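Everything below concerns the one structure shown next.
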Amino acid sequence: MDRNLCRDREAIPETYSAPLATRIVGGGAYARSREKGVAVSEGATIGDDGLARCPWGAEPAIYREYHDTEWGRPIRGDDELFERISLEAFQSGLSWLTILRKREAFRAAFAGFRIEAVAAFTEEDEARLLDDAGIVRNRAKIAATIANARAAQRLDGGLTELIWSFAPPQRERPKAIGEIPAVTPESTALSKALKKQGFRFVGPTTAYAMMQAIGMVDDHLAECHTEPERR
């Protein structure tokens, strides 16, 4: 087995199971958590600051900041969306906490996730990335990120137009984690469309996690203190 496929594993916090708290999706992931006997709050959690949050966003502090200031807020812009696609791909099978902690290193390594710059990466750049201890050194994911940048360059209308064309109608916020799906018809369709354009590591579950992160869907719980935003 390629050693580069094995050295990106890091310890996952035990507060929640990996599928729920580190992937930040619900539905089937929540069910798997219960099957494993992991205690997961269904409703909002009150933090030490007195604010109600989605249970995964209460702690540690880096999760709280991400939950409060970024997750679920509408994001547009091709480079910005390319970063989200890339980070979701690197997170696959790992802790989201790992990705958040390495985020600035990822940005430095991948030229700020500027599509034009990453699309021009060479074999020397791939070798550099595989030696960069600050990121997740997975050969397949690194190659996919470069390939995805090139795929994004080929899009006629741009990445923002493609991704947001699959936004579902707005709905009420879920009351509990167990109401949040892991996959939807829209995420499945988006996954197929991205793959058709040559994107990799963009399965339906990954696509839905991205839709949550960029505010295409609002899966903050109804009792969460964050204010719903217009898309």
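One is the number of the first residue shown, and numbering goes on along the chain from there.
Cβ atoms here come from the backbone N, Cα and C positions, even for glycine.
Where the annotation comes from TrEMBL, it is an automatic prediction and has not been curated.
The Zn(2+) binding site annotation in TrEMBL covers Cys54, His67, His220, Cys224. Mapped onto three states, the DSSP output places Cys54 (Zn(2+) binding site) in coil.
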For the binding-site residues His67, His220, the one whose C-beta sees the most other C-beta atoms within 10 angstroms: His220
Check: same-chain CB within 8 A of Zn(2+) site center, minus Cys54, His67, His220, Cys224: Ala44, Arg53, Trp56, Gly57, Asp68, Trp71, Gly72, Asp219, Leu221, His225, Thr226
Set of same-chain residues at least 6 away whose C-beta sits under 8 angstroms from Cys54 (Zn(2+) binding site): Ala44, Thr45, His67, Ile177, Asp219, His220, Leu221, Cys224
